[in-house]
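Asker: Okay, these came from TrEMBL:
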REGION    1-28  region 'Disordered'
TRANSMEM  36-53  transmembrane segment
TRANSMEM  65-84  transmembrane segment
TRANSMEM  105-128  transmembrane segment
DOMAIN    169-328  domain 'Alpha/beta hydrolase fold-5'
Amino acid sequence: MTTPASDPTEEPTIAAEHRSPQDPARSRTVRPARTILLLVVALALLAAPAWVLATTGDVVRHQHWALGALLATSAGAGLVLVALTLRRARRRRDPCDAPERGRRVWSSIGEGACVVLLVGIAAAVVWVRPFPATDRALADLESSATVEVLETAGWVAFVPSDDAAATGLVYSPGARVDVRAAAHVLRPLAEAGYVVVALKEPLGIAVAWPGQSGTAIAGFDDVDRWAAGGHSLGGVVASSYAAGHEDVVGALLLHGSYPAGDISGADLQVTSVWGSRDGLTTPDAVEASRADLPGDATFVEVVGGVHGFFADYGPQPGDGTPTITRDDAQAQVVAASIDAMDRLAADRG
């Protein structure tokens, strides 16, 4: 009996069907793709801090040290990832040494989690990029015969030169805003006789350190009565701090902001300054905040003003369109703020 000739194509087909997942051919396909993915992540980790530094000039060194630490962490992680990825790509892999399936699964899960974490770091670096102060604000950071400007690792302070100030304002800037951006609005308060301390918030986010105001207050022993204040998210955090420290804080100054919750029972003099064209802290939000503030709170409307007029850091996404000049709006903000400080100083008597 004649035995049928075997088809020469059958054996490779069977071999392909029974190929081990550890087969070198499969490994050669997977590893380059994984290498490319890791190198892309490494590039993102390196590019994110480089972009922040390139687009903000010397802003980073004037913020809280946490921002610089995050940028350094991102860059360092990117360099390490490049080195490890290239080292693994060059290494010859013996398929006989491949780990068991269970170990491969856990290894892949661990590697995936690391990739997600590293991508998160790069994204965080991009998101926390500060809005740089404009030249208008930077011009008010020089000391003069009437105001001494002090910069430390934790804040920028405007101190009356006569050393007679006993009332002060601890101020939390808006989220991701260069601490120096409020100089044009805050310096006039120091010229009026009040110590003003603008906080360098960790990563530019006031909620990252809610008690930072207390640290700043402790640094000025000669000031025995304080107002807490802030712009936008900074004001939200300032309201919580003020309500919880009425033994030290006697007033709350809100710039385009509102309280985090109901503080209507707090023994605080409250002044809320807001812009009628604010696209972020909207007029409706300010109106709703009345129920959460003491009944005698003072509300000052800057007609035509927007969110970005409470400091000088350029346009902000989502803000409204002003119908008043920046000069006119900030003059009203300054006048209302000085009036609030005058009332606090008179009350302490």
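Glycine residues also receive a Cβ, built from the backbone N, Cα and C atoms like all the rest.
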Asker: Please indicate, using numbers and ranges, the residues of the same chain that are 6 or more beyond the transmembrane segment (36-53) and have a C-beta under 8 Å from a C-beta there.
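Answerer: Residues 60, 71-72, 74-75, 77-79, 81-82, 85, 115, 118-119, 121-123, 125-126, 129 contact the transmembrane segment (36-53) from elsewhere in the chain.
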Asker: Short question: which residues 6 or more past the ends of the transmembrane segment (105-128) have a Cβ under 8 Å from it?
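Answerer: Here the qualifying positions are 37-38, 41, 44-45, 47-49, 51-52, 67, 70-71, 73-74, 77, 81, 99, 176, 203-205.
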Asker: Just to confirm my parser: what is the rounded mean pLDDT across the domain 'Alpha/beta hydrolase fold-5' (169-328)?
Answerer: 98
